[in-house]
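**Q** The following block contains the structure, expressed as structure tokens.
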Amino acid sequence: MAMESLRQFVVALSAAAAVGFVSIIFVLRWVLHYKEGLAWDGGLAEFNWHPVLIVTGFIFLQGIAIIVYRLPWTWQCSKLLMKFIHAGLNLVAFIFAVIAMVAVFDFHNAAKIPNMYSLHSWLGLMVVTLYCLQLVLGVGMYLIPVTPVSWRAAFMPLHVYSGLLLFSSAIAVALMGITEKLIFGLSNPKYKDSPPEAIFVNILGVLLVVFGALILWIATQTSWKRPTDQTLHTLHSNGGGEDNTKVGPALSQLSDGDDAEASGDVRRRNNKLDD
Ligand code: HEM
Ligand code: HEM
């Protein structure tokens, strides 16, 4: 990655990380300061786990999982290791989302509030269900060694598209949930009277949109993409004078699937060439 491009990447990444952290602080301050705190007691404090786990897990961790391949300082690491990190972070995000679902269903059942009546809940459950499917297909396609390379390559555009769609949808669903909760929860003064809690939580909503925008930006810049192992190989052999016979045509085929677990020396990069 050229120096200027690297600088821009670091700015975008730092901004995303900062906005993500501030969002987590905001959701914690909302439930701990303005609301009933956190507990697992069937009451409102149990409900509060719902937004906290969604923002920290399903939004923040998922966002980080999506961009881990883009971190230039991981490009010397094996693709397999990065896949484990990507899949692992997505799995943790999913577990957070499931616990967040359990918290709200448990609270509704204890308080005799009907389940699944709102658009928020319909779309929310859809997103979590499809996210689970994305995880299973991701493992099946990219972690199980027997999956044909041609399948991996063919499925990749769909994997990336559905991943970005799910991430964006999670943020949209969270915004609906935030709005619902403010309307239900604020009575004196009401939401329309703009009490401090309303302003504070509206800002949380804006932060989530900005976080989403930054992650989507990072994940869609082609110049910040992890080079395929084929490219790394070319850089390596051009710069280092290695012979090409170490990796045969099989590797270049693999690279189409963005998925080569090539030998360590292919991955060692020639940094001079990259600047
Ligand atoms: C309820 C999912 C984010 C507030 C629900 C329910 C689901 C769900 C499935 C229905 C529970 C039931 O019927 O018993 C999601 C998903 C989210 C998300 C997938 C993120 C992607 C949020 C956030 C808030 C929130 C950030 C903010 C406080 C609520 C409220 C309810 C609820 C107030 C109860 C009313 C209703 O069922 O619509 N959520 N939620 N949600 N959620 Fe969320
Ligand atoms: C790439 C999302 C699960 C393997 C991507 C990208 C997204 C994404 C948005 C594009 C990233 C980029 O262009 O830099 C998701 C989501 C998942 C998930 C939301 C979970 C619900 C998995 C799993 C695996 C996997 C379980 C299994 C290892 C890959 C691979 C790439 C990728 C190999 C290509 C990376 C590259 O070469 O640049 N994923 N993914 N994903 N994902 Fe996933």
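For all residues, glycine too, the Cβ spot is worked out from N, Cα and C.
Note that TrEMBL annotation is computational and uncurated.
Straight from TrEMBL, here's the annotation block:
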{"type": "COMPBIAS", "residues": "264-275", "note": "compositional bias 'Basic and acidic residues'"}
{"type": "DOMAIN", "residues": "15-220", "note": "domain 'Cytochrome b561'"}
{"type": "REGION", "residues": "230-275", "note": "region 'Disordered'"}
{"type": "TRANSMEM", "residues": "9-32", "note": "transmembrane segment"}
{"type": "TRANSMEM", "residues": "52-72", "note": "transmembrane segment"}
{"type": "TRANSMEM", "residues": "84-105", "note": "transmembrane segment"}
{"type": "TRANSMEM", "residues": "125-146", "note": "transmembrane segment"}
{"type": "TRANSMEM", "residues": "158-178", "note": "transmembrane segment"}
{"type": "TRANSMEM", "residues": "198-219", "note": "transmembrane segment"}
**Q** Near the transmembrane segment (125-146), which same-chain residues lie under 8 Å Cβ to Cβ, leaving out any that are not at least 6 residues past its ends?
**A** 58, 83-84, 87, 90-91, 93-94, 97-98, 101, 116, 152, 155, 159, 162-163, 166, 169-170, 173, 259
**Q** Looking only at the recorded stretches 9-32, 52-72, 84-105, 158-178, which one has the largest tally of CB-CB distances under 8 Å to the transmembrane segment (198-219)?
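**A** Stretch with the highest Cβ contact count: 9-32.
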**Q** Sort out the residues at least 6 away from either end of the transmembrane segment (158-178), same chain, that have Cβ-Cβ distances under 8 Å to it, and list them.
**A** 50-51, 54-55, 58-59, 62-63, 66, 118-120, 123-124, 127, 130-131, 134, 137-138, 141-142, 201, 204-205, 208-209, 211-212, 215-216, 219-220
**Q** Tell me, roughly as an integer, the mean pLDDT over the domain 'Cytochrome b561' (15-220).
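**A** On average, pLDDT over the domain 'Cytochrome b561' (15-220) sits at 98.
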